[in-house]
Amino acid sequence: MAVVVALLINPVGLVFWLALGLTIWFAVNRTDRERRRYLRAIHPKHPEIGRFFWIGLVVGALVSLVMVIGRLQISLAALLALSGLTLVALLFSKWRFSPWWLGLASLAAVGQSGLLAEQHAANLAILVGLLWLTQAGLARFNRGDEIESPVIQQDRRQRQSAAFELRQLFWVPLILPVAVENVSNLPLLAVTVQSLTFVGLPLLLGATFMTPRDRAQTAWRRSWPWYGGAGGVLIVYGIVARTMTLPLLVSLVFPAVVSLVLVGGFIWQGRQVHLTVTLADQGVVLIGVVPHTPAAEMGLQPGDRVLACNHHSVNNSRELYDAIQKEPTYCRLRLRQADGELRLAETAIFAGAPHELGMILFPEETA
């Protein structure tokens, strides 16, 4: 048991190393796949690795500061539950990761009793609320377009379409106050100050998923009202539970119920269709845009369909390339956006490299 505790409640323990390894693997796998399918990596510098560290560290410092200043102690059972749930979620992060399950940690205190247990349960609700509010902020202000990657899919009729994948994890190391009696004689990285013991806890925020029904960055952004609302509700509940006498059972069940409401909302949201990108007979369909290229300067987006280039109609990459050669230092496009609107776009082209527009098209059609 002591070894399990030491592995789980340690900012640089099992959760950290597994998350770091997965983040590196996600990033390298993404660039390798893009080079195989599209002949280039859309984002070759692996920005998701740097963000794993610095964004998570900032978030961890802010949340820890609130918990320490407020002297909001958490039970050891809740800490173990949070770390254990994080570890389980990591095992499934290849397919999907979303920290909706944080509220389930409240159930770890079932069987406890007394005023101290009630305070710990209320404090846990506040902690989970803060983490969900942070997740809402990350989703709302995300720059997921920098790590969004198109994935080619085929239906039963062999028609090609594009899904969009986003894999971004944030390591959030927390320093949390725990009652001294909870951690005595346990192998923890802990510091005791004035009857409070501060213990390190590794958590993860972020998202990993693939969707054929929307851009990945906008799909993640749509989750922020859910997380923001749930986080606000839990913080208010935790404050009320600390100042009023509420049954312990309510404080144990309420965060778990909110977690289930969250995941139900995400399942419903995931079934909504906002964008479908399929290979078309007319025009050339974009499924990605390389940053800092003429395509990016023109504001092109996945789902846009190029109908004409330099006043020549185009229906495939060969026709697009030939049209670019008509005016090798400038590019004028007529395109239909994903919302159906027609617009014109134009920009200068890199001198001596008219083929490097930065458009990612369906395989064998990259320009």
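From the backbone N, Cα and C atoms, a Cβ is placed for every residue, glycine too.
Looking up the ranges 97-117, 328-348 in Swiss-Prot, the one annotated as transmembrane segment turns out to be 97-117. Beyond the ends of the transmembrane segment (226-246), by six or more residues, the same chain brings 103, 118-119, 121-126, 128-136, 139-140, 254-255, 258-259, 261-262, 265-266, 269 to within a C-beta distance below 8 angstroms of the stretch. Using a Cβ-Cβ cut-off under 8 Å and counting only residues 6 or more beyond its ends in the same chain, the transmembrane segment (49-69) has close neighbours at 19-20, 23-24, 27, 123, 126-127, 130-131, 134, 138, 168-177, 198, 203-205.
Secondary structure of the domain 'PDZ' (261-339) per DSSP (helix as H, G, I; strand as E, B; remaining residues coil): 23 helix, 22 strand, 34 coil.
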